[in-house]
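J.: To start, I am sharing the structure in question, which I have written as structure tokens.
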DNA sequence: GCGACAG
DNA sequence: ATCTTGTCGC
């Protein structure tokens, strides 16, 4: 795929004020309403709702072809096989000295159909709120190597949950004008509607815009979503999911749940994370 | 000045 | 994000 709107590409050489100005433009260009042509229920064959797990490792599965196709899943009119399912791209990075290894794993259902990566020199430090100016370039490099246009991009980081409603997922979604969602492990800004501690799998609560966010106070900019949970001692923190581009806050939760597997992180992102680490390891030997 | 802050 | 062993619990 290629950047459809390169004018929004994050230039790491901009001044801080210019970066923030560009983010305002990105937020204005972003669409936080559903605008994609596949059903969330077609994303995966096995719509296993989030479970409360008892163990840690069960059977190792890295997304290889599944044993059989289920033509009789919920809905009935869904895709019959992985080959008909929407193309989902998971994006994540690993770092090595002053270089970023950006990895993209493409999935159709539970089948990994492609993996690409790019090694790019970093030119800007990590600054909360300006992440896309550090990782955006490297990510664009990797996504540009993807042959087919994904139906959805899943990022490791925030989307609309951002001071200027222009987090990494939103910024990249706008640059490629592709539906995208952000999945962060920590909350950047905004206020959860209720306590997020020790919640059962499947639980979610809205994240509202507060004084730190450039949006009408109370606007739902994302959700805390408990993808997995243990039934005993230790507890797992929730994920903070938010719209990137062309997806609503509510649908974002549904999509993240749909692409989620048996781990805390959704499969696309989890596999991209592992791939980035793998490339990094091979690269440092 | 103090506190807060995705990856 | 990254630097890293053991350890608790199923």
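Backbone N, Cα and C define each Cβ position, glycine as well.
Nobody curates TrEMBL annotations by hand; they come from automatic prediction.
Just lifted these from TrEMBL, have a look:
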{"type": "REGION", "residues": "A:41-82", "note": "region 'Disordered'"}
{"type": "BINDING", "residues": "A:92, A:156", "note": "Mg(2+) binding site"}
{"type": "SITE", "residues": "A:126", "note": "site 'Interaction with target DNA'"}
J.: Ranked by the number of other Cβ atoms within 10 Å of their own Cβ, which of the binding-site residues A:92, A:156 ranks first?
T.: A:92
J.: For residue A:126 (site 'Interaction with target DNA'), which residues in the same chain are close in space, meaning a Cβ under 8 Å from its Cβ, but six or more apart along the sequence?
T.: A:134
J.: Does DSSP give residue A:126 (site 'Interaction with target DNA') helix, strand or coil?
T.: coil
